[in-house]
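Remarks on the structure that follows.
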Amino acid sequence: METENQKTMEESTKRKEEKKKRSRVKQVLADIAKQVDFWFGDANLHKDKFLREQIEKSRDGYVDISLLVSFNKMKKLTTDGKLIARALKSSSVVELDLEGTRIRRKKPLGERPKDEEERTVYVELLPKNVTHSWIERVFGKCGNVVYISIPHYKSTGDPKGFAFVEFETKEQAAKAIEFLNNPPEEAPRKPGIFPKTVKNKPIPSLRVAEEKKKKKKKKGRIKKEESVQAKESAVDSSSSGVCKATKRPRTASEGSEAETPEAPKQPAKKKKKRDKVEASSLPEARAGKRERCSAEDEDCLPPRPKAKKRAQKDGVGQAASEVSKESRDLEFCSTEEEKETDRKGDSLSKVKRKHKKKHKERHKMGEEVIPLRVLSKTEWMDLKKEYLALQKASMASLKKTISQIKLESEMETDCKAPTAGSGQECSTQEKVSAQGPQFVTGVIVKIVSGEPLPGRKQVKDILATISEVVYIDLLEGDTECHARFKTPEDAQAVMNAQTEIRKKHSWNLEVLSGDHEQRYWQKILVDRQAKLNQPREKKRGTEKLITKAEKIRLAKTQQASQHIRFSEYD
């Protein structure tokens, strides 16, 4: 009985789990249908070359559902072909075949509409990482959005900051321009973003720019806070100074000590301040002193002439009255400042409250004001033409300056070469370099080492101390290499110094001759031909001009950085 009860309990739990597992696919089915209807819609197929070609390839216009599963947007929704077929059963744009594995358009694709540009608007000043759904939500208030294009950078994948939105009718596009064109005050006056990027080079990420902006803002806030704190501390110090002066009564003996000639001299401003503080301390201590020291005035104060004493007393009285006035003014100012700061704080808080209230009201009403610049695509096309014309003119001027620089450099070289003989020598050298190295016997030295040889430069530097080296044929990590010299005499000079080289570097040297020499010369010619036949990256148009200008700029900077050495006779 117990076993039967356990079995029934297990079955009931399994049924409950099965019921819980029931997936809710209503929203997913709706999203799949919407996405496929968009892909096979007129607006997308006129622009989507790949999908149009796939439809044209098949005889009856059917496309396999597995192709749709390979798309990234469909992967996010589902990878189940049956679920896609289930979602497209009630579609108004596409239809399934009998097996339910392929789909096609119900109506054939017509010609591309002529008013496409008039129905499209250009949008800039978009938020970073903008999405199609966000644009559809914002522009959907003005009409039915048919197509959205958000250009991205190939290297980083970041959006370029602008987009194109196509509406169903011209009126809807005009409405979007009227209601959504609200550019902020900081925005540039002239619309149209035409970002210039270097080909195959990464673009600095948007995060870096954001971080820089944040750092700048933080610095500005810190500076403001510091200035406010400094002002407050200055006010506090001035008020505390006055309070200290009134609290601490200084005796006449302290005053007399300060006025002795032994004390170091101070500037006039400091003296005045000190006198004021002393004066403020004296009147409070006076009342008590009159009672106590009426008879003992002579003991309290140092012996001085009577006239001086009277003058000092008068001065002290005036100073005391001035200080008391100043202290009152300070207190009044401080209270006024506090009141002003309180008023400002209240006003700021009120403004913030009002702003929040308005924002909430807008959200309730659905009137969200977004700082965007919206204009028609035809207007944007005119701006693009203007930009291209400017670019063309600037490139033409750059080309002109490059040609002028070339002419100037040629003129300089002509001035430097006055004799005809030197010119002939140069021409012969150019011909030789064009043809390649000519066969000369006894100029190639083979170097063999027990260990891997150092770099090409190091080997060349070692041999160059004995005679001039033309070329070193060496690959990294090799134990053998070939050194080509200008003349057989140079090669022989190296062979004569073989014993010294062997002691220092443990290299074995040998001059090539006979078949070995001929084979090596053939190898030289083959390697040279292979190098010349290598495919080179062709640079055309603006890219070619910019690279030329960059080379000239680098050459000029190098020339400017060189030291000018004057001879004794200059």
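Cβ atoms here come from the backbone N, Cα and C positions, even for glycine.
Among the candidates Thr8, Thr13, Thr156, Thr251, the residue that Swiss-Prot annotates as phosphothreonine is Thr251. Checking Thr78, Thr197, Thr246, Thr335 against Swiss-Prot, you find phosphothreonine recorded for Thr335. In Swiss-Prot, the entry for phosphoserine among Ser237, Ser253, Ser409 corresponds to Ser253.
When Ser12, Ser256 are compared in Swiss-Prot, the phosphoserine annotation sits on Ser256.
When Ser58, Ser334, Ser422 are compared with the annotations in Swiss-Prot, the one labelled phosphoserine turns out to be Ser334. The helix, strand and coil residue counts that DSSP assigns across the domain 'xRRM' (438-551) are 55 helix, 22 strand, 37 coil. The average pLDDT computed over the domain 'xRRM' (438-551) stands at 87.
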